[in-house]
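Remarks on the structure that follows.
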Amino acid sequence: MDLSECLNLADFEERAVERMSKMAYEYVASGAADELTIRWNRQAFDAIKLNPTVLNGIGQPDTRLSLFGQELSHPILIAPTAYHKLMHPEGELATARGAGAAAAVYVVSSFTTTPLAEITREATQPLWFQLYVRDDRELTKSLIQEAEDRGFRALCITVDTAVPGVRNRQEKGGFRLPDDVITHHMPGPLDEKKPLTWKDIEWINSFARTPVLLKGILNASDAEKAIQSGASGIIVSNHGGRNLDTVPATIDALPRVADQVNQRVPVLMDGGIRRGTDVLKAIALGASAVLVGKPVCFGLACAGAEGVTKVVEILRTELEIAMILTGRATISGIDHSVIWK
Ligand SMILES: Cc1cc2nc3c(=O)[nH]c(=O)nc-3n(C[C@H](O)[C@H](O)[C@H](O)COP(=O)(O)O)c2cc1C
Ligand SMILES: CC(C)CC(=O)C(=O)O
């Protein structure tokens, strides 16, 4: 399709609806239960106003940052999302190519429909791995080791999905994986009998060779436990509003977590990032970097690798414009004072 029609992230979703099966679209777009949290993720960003600075002499802002010793060109990461072959026939290979062209870290889901070995061959930018801990802890351990051996540079353990949420809309959409869409590294859907606990996090930390981030923390007390259990980083996330409905927007939860963490480890966030100004707001409120989920899925559905690249590039360009207009030459210069109080 003609990508010049897509000027912002909403344009991708509008076009993706027409190109995806109803089942796949509903899977990606839907949230849990009454979808209040998914709505709040957006409304909370919209309610935050920015404080501009004029005549600040900033021409080209510098979006680079260093995270876990990795040098990144910008703070926009691709969130882990499952089943990319539902969205595009080239699946995760297209995502990896698209991420490479946009200089973005791609966090590959445990529910990838392409084997890790093939994704690493395609990638030109750092890959991180998202982990679902399964009842079979030995399988979990060997999956972590495989990802590390293949050069994945960080491990994001998803901790907010002890059970998947009440996904009425996904179910009504008739969600079902086609027979030729295979999750090579996951033995069937999540249906765990042996719940993940803080002890498991300590266990994983005892042998992990890459930084371990916990994805899905929303409050200060869990953030503190994450640090005490040895986590190298925290991702403030409500799973894009897909798990527990009526938990707060992530941009509302972020400042509390950031306060508690007090710079001991990097805090990242996801949920509702649709504009460069959202990236700026998240950084101002304590995030080192952000992840983007649904818009990347829609970019992939619209135009494979090129769609993924363009989604990230639009956000990056919008972030640069927001940095110029708020007078921030660097990412570390984005602080609370960009928010209108
Ligand atoms: C289609 C889809 C699949 C997802 N699959 C996973 C997954 O496999 N593992 C995971 O940790 N999070 C998963 N998530 C959650 C995302 O990583 C992320 O937290 C969320 O999408 C961010 O919100 P946003 O979509 O508003 O950007 C998924 C989200 C979507 C939309
Ligand atoms: C296999 C699913 C649990 C993947 C996921 O995290 C999601 O759909 O939100």
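Glycine is no exception: its Cβ is also placed from the backbone N, Cα and C atoms.
All TrEMBL annotations are machine predictions without curation.
Noted in TrEMBL for the protein shown:
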- H239: active site, proton acceptor (ACT_SITE)
- Y27, Y132, R167, H239, R242: glyoxylate binding site (BINDING)
- P80, T81, A82, S109, Q130, T158, K215, S237, D270, G271, G272, I273, R274: FMN binding site (BINDING)
- 1-341: domain 'FMN hydroxy acid dehydrogenase' (DOMAIN)
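Features per TrEMBL, on structure.
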residue: Y27; record: glyoxylate binding site; contacts (Cβ under 8 Å, 6+ apart): Y83, L86, Q170, G173, F175
residue: P80; record: FMN binding site; contacts (Cβ under 8 Å, 6+ apart): V107, V108, S109, S110, Q130, C156, T158, K215, L291
residue: A82; record: FMN binding site; contacts (Cβ under 8 Å, 6+ apart): S109, S110, F111, T112, T113, T183
residue: Y132; record: glyoxylate binding site; contacts (Cβ under 8 Å, 6+ apart): S110, F111, T158, T161, M186, L190
residue: R167; record: glyoxylate binding site; contacts (Cβ under 8 Å, 6+ apart): S30, A32, F175, R242
residue: D270; record: FMN binding site; contacts (Cβ under 8 Å, 6+ apart): A79, I235, V236, S237, G240, T250, V290, L291, V292, G293
residue: G272; record: FMN binding site; contacts (Cβ under 8 Å, 6+ apart): N41, R42, A44, F45, G240, A249, T250, I251, D278
residue: R274; record: FMN binding site; contacts (Cβ under 8 Å, 6+ apart): N8, L9, A10, R42, F45, P295
>> Considering each pair of residues in Y27, Y132, R167, H239, R242, all listed as binding glyoxylate, report the largest CA to CA distance in Å, no decimals.
In response: 19
> What does DSSP call K215 (FMN binding site) in the simple three-state scheme?
Replying inline: strand
> For the binding-site residues Q130, Y132, R167, R274, which sit with their CB under 6 angstroms from an atom of ligand 1?
Replying inline: Q130
> Looking at Cβ-Cβ distances, which residues of the chain lie under 8 angstroms from H239 (active site, proton acceptor) while being 6 or more apart from it?
Replying inline: T158, D160, T161, G165, G216, G271
> Near ligand 2, which of the binding-site residues A82, K215, R242 are found, taking a Cβ distance under 6 A to any of its atoms?
Replying inline: A82, R242
> How far apart, in Å, are the two Cα atoms that lie farthest from each other among P80, T81, A82, S109, Q130, T158, K215, S237, D270, G271, G272, I273, R274, the residues recorded as binding FMN?
Replying inline: 22
